[in-house]
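If you check Swiss-Prot, you get these features:
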type	residues	note
DOMAIN	4-86	domain 'Sm'
MOD_RES	R108	asymmetric dimethylarginine
MOD_RES	R108	omega-N-methylarginine
MOD_RES	R108	dimethylated arginine
MOD_RES	R112	asymmetric dimethylarginine
MOD_RES	R112	omega-N-methylarginine
MOD_RES	R112	dimethylated arginine
MOD_RES	R147	omega-N-methylarginine
REGION	163-240	region 'Disordered'
MOD_RES	R172	omega-N-methylarginine
COMPBIAS	174-205	compositional bias 'Pro residues'
REGION	175-236	region 'Repeat-rich region'
COMPBIAS	214-240	compositional bias 'Pro residues'
Amino acid sequence: MTVGKSSKMLQHIDCRMRCILQDGRIFIGTFKAFDKHMNLILCDCDEFRKIKPKNSKQAEREEKRVLGLVLLRGENLVSMTVEGPPPKDTGIARVPLAGAAGGPGIGRAAGRGVPAGVPMPQAPAGLAGPIRGVGGPSQQVMTPQGRGTVAAAAAAATASIAGAPTQYPSGRGGPPPPMGRGAPPPGMMAPPPGMRPPMGPPMGMPPGRGAPMGMPPPGMRPPPPGMRGPPPPGMRPPRP
């Protein structure tokens, strides 16, 4: 409902009003709002009702109840009267203004993190783990190293040249066996003790293809000068 500025109801806003209902109850509260149906909103409202005695000899007594915020229906309203003027603090801002004088307190920003000088709580022994970025193994130890890396080979070569024993990591096998003069090639059995191992192929010739033509097999003496050697493998000897 559109209410004009000259309405009498607007003149009583924030006043203490006494509202009498049809059943005889009286509501006294601060008048805050209304509508076209005369529904009222009262705050800090108190209810007063008269209680009739059981005997005619006793006087009628009045009972008070504190209600607070009340929405009062207009159909039950009989009359409204002004009980008192508006409170003195009506219209005063609850929030302090920018130019208002400050109080004795000191405004400080909310702290972030742990304040200085406060000891850090320590975890029980056995439950404290490594803090990220503090302590723990170095980056070189945590770097994964594969078999036959260039760094491992260079370190082993440097240690062997210096005469220090080379240490190999556990679980990756021991050092490779030394390749001596009489060591058998891979895949062949070693000769019995006391027997000279067979001679390997000459330099520059791939193993496993036999000896060149005109040369005896390993372990045999060459023929005397002027005499033909044995025929090559796969050929029949000449007839006499």
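Backbone N, Cα and C define each Cβ position, glycine as well.
Remember, predicted model here, so these are calculated numbers, not experimental data.
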What does the DSSP secondary structure composition of the domain 'Sm' (4-86) look like, as residue counts for helix, strand and coil? 6 helix, 47 strand, 30 coil
Segment confidence, the region 'Repeat-rich region' (175-236), expressed as mean pLDDT: 62
